[in-house]
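Okay, so here's the structure we're looking at.
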Amino acid sequence: MDHFLYRDGALYAEDVPVAEIAAAVGTPFYVYSTATLLRHFRLFDEALSGMDHLVCFAMKAASNQAILKTLAQAGAGMDVVSQGEYLRAKAAGVPGDKIVFSGVGKTAEEIHTALTGGIRQFNVESEPEMETINKVALDLGVTAPITIRVNPDVDAKTHAKIATGKSENKFGIPISRAREVYALAASMKGLEVIGIDVHIGSQLTELEPFRLAYQKVAELTETLRADGHNIRRLDLGGGLGIPYERSNDAPPLPVEYGAMVKETLGHLNVEIEIEPGRLIAGNSGIMVSKVIYVKQGEDRQFLILDGAMNDLIRPAMYEAHHDIIPVIEAEPGTEQTAYDIVGPVCESGDTFAKGRMMTPLQADDLVAFRSAGAYGAVMSSEYNSRPLIPEVLVNGDQFAVIRKRPTFDEMINRDTIPEWL
Ligand SMILES: *Cc1c(COP(=O)(O)O)cnc(C)c1O
């Protein structure tokens, strides 16, 4: 459920007409709903109630300071994968002891920043990385809390580019080698082993792969405890999918996920940590774009928008589907027509949808891409010298620009000219 609904035929973001935001900031732009962000965070928080737990928002999905602050004020921790994200989380007021550092290639500089600024734990992904964390911690005279990310070799049954839990993926250490690697970690004086981490992929639409992975983690917890390790926290990653197509079967709900977590891990008396990104932010944001032209091709009609692949890359990168809806609804009973919906970038990959049935649209009409709040703005670029598009946050009947559109001069003047030119 989200808060982008029609009222009398006009699309609203909470209590604000989307067309009003478009008039104020120009198109294209992203707009997020505070109520939806908070609702999704709380669904997870409640799904794990009864267990000691922390929901850490995977901020690579959406990292605007205003979004982070909204979630942090509701009690969310953050899962970060770079120094930049760590510093963003701190800038949004998240205390270090609620920040988890994930990612397959943390540098000594990144580790240093986190150890001096405060960190809940590092999720270690390899032995060389473990050695680096140990060394930086010893140099600083502190101990670094760590989990080790295990790769359970389960098929997440998702898009290949976002599956991470098979043995062929670059992530974590093979679960078969876990005892050996935990023994090595325990021998390092700069480390404190506190738990186990697993994250098998993104946009999962079934619970079964999670269940398989968590059962393996439960077994490993008992084995490692028997080996003498004090395993007291399990980081279960993120990955629960969202319904990008309203017409399709819905993925499992957070409450069903939470019940499965209790079933598989509840008996272990551990603290549970989860790192959802997409399910919190995905349906909390839309991208709004304007029709520039309707072009008649030989056998098809093209809807050419002012938004493009540089603004929302998911269709080009993951063959992702986004529902695209008019901001002003057609009269009831209006017949639909098929459009290829494209952006103006000079690549055939700049295609959002083919043969999509829509009510007829004209130049200057507005459309909204649903479920664009996660992996949308954060993956945007200025390809074709199209300035980054603005982000707007709605809260009830208020809205605010939370990242402004750079001017063309600002974009151009980021480059510098060597003295010989
Ligand atoms: C990307 C990622 C997540 C978030 O995944 P979602 O599918 O957005 O929930 C969580 N943890 C790690 C380690 C990740 O890389």
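Including glycine, each Cβ sits where the backbone N, Cα and C put it.
Just so it is clear, the model here is predicted, and its values are computed rather than measured.
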Additional site residue, Tyr182, Tyr339, Tyr375 [criterion: listed by TrEMBL with Gly239, Glu275, Pro276, Gly277, Arg278 for pyridoxal 5'-phosphate]: Tyr375
Inter-residue C-alpha distance, Gly239 (pyridoxal 5'-phosphate binding site) and Lys60 (N6-(pyridoxal phosphate)lysine) (nearest angstrom): 12
Residue pair Tyr318 (substrate binding site), Arg278 (pyridoxal 5'-phosphate binding site) - Cα distance, angstrom, rounded: 14
Surrounding CB atoms that lie within 10 Å of the CB of Gly277 (pyridoxal 5'-phosphate binding site), all protein chains: 24
Number of Cβ atoms other than its own within 10 Å, given for Gly239 (pyridoxal 5'-phosphate binding site): 29
Nearest recorded site to Gly277 (pyridoxal 5'-phosphate binding site) by CA-CA distance, among recorded positions Lys60, Arg314, Glu347: Lys60
